[in-house]
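In what follows, a single structure is set out as structure tokens and then discussed.
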């Protein structure tokens, strides 16, 4: 915990620092509590197994779902719209989140903060911390761009083409902004070797903790609070527009009912997206704020791990929402899978024919001729 690190930094001799390996939580006055944050046995076996299984599920769904989403958008010309390019960009960010989050969290389950030592330890510690937060920021910022695109498309449809001629490359800017916003992780995290001989990936200096208190408030505001309010506001305008929208010049009851059904489905989809974003990211932000501003609460491991799992699961939920809520993508996805399976089936049958061909020729050559039979 952060309070534990404050105690470790303030330790003046190796005996005190070594003792901190077994009792880590302290109050703001420096007194030592009785929790064990970095102890290898501090997480129960049941929790380790349960969370490992939960993260394996995230890994499979996120990797397969997002990779398939990128592939389908890339291979389908009519899906290469501005919105879908942004969706593909979000899928790339979610794949990166999966590759960083799952291994590092599973490793934490069994080793806690134990890390590699030396230069390799320093580099990997910085890369993992930076890569994970960088991709998370890119995913959230892409959500904002998708909301803007949907808003322009529905509320100001005639301005959409002109607007996104300038903003189309904006998904590149999301990565540039994310690189800058998350750059402090390259500085504050390091692999520190304790007197017991083990190295840990931790915040490297005490003064960085005071900086991180301000920094994480900034992250909470810029990557959760503002995006949530902004996206919810835009989607509220979209829902209002669609709900009141009447098809001009259309008198066919069937067509009117069809359009109303489509609009209501769109409204439901937007509401689900906002709810998913809110529920997945709220717990981890609450945990971060409590860790920095109320360290005396000593949050249990299960609360910490579940909050991390919730935010990481958003990378697996995104492709599922796209599949279930987007009929066109679902149709294209099914067609691509069916074509791939048919292609594999043809290759397999062709390979079998090639193998059997010499045997058939041998059997024919050994068969008696018509004259012999006569």
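Note that Cβ sites are derived from N, Cα and C of the backbone, with glycine treated the same way.
TrEMBL entries are annotated by machine, without manual review.
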With TrEMBL as the source, identify the stretch among 130-158, 333-361 annotated transmembrane segment.
130-158
Which residue range, 85-110, 241-266, is the one TrEMBL calls transmembrane segment?
85-110
30-49, 170-189 - the one TrEMBL records as transmembrane segment:
170-189
Look over the recorded stretches 170-189, 214-238, 269-290, 302-329 and say which has the most C-beta pairs under 8 A to the transmembrane segment (53-73).
302-329
Under 8 Å, at least 3 Cβ pairs, sequence separation 6 or more: does that hold for the transmembrane segment (302-329) versus the transmembrane segment (170-189)?
no
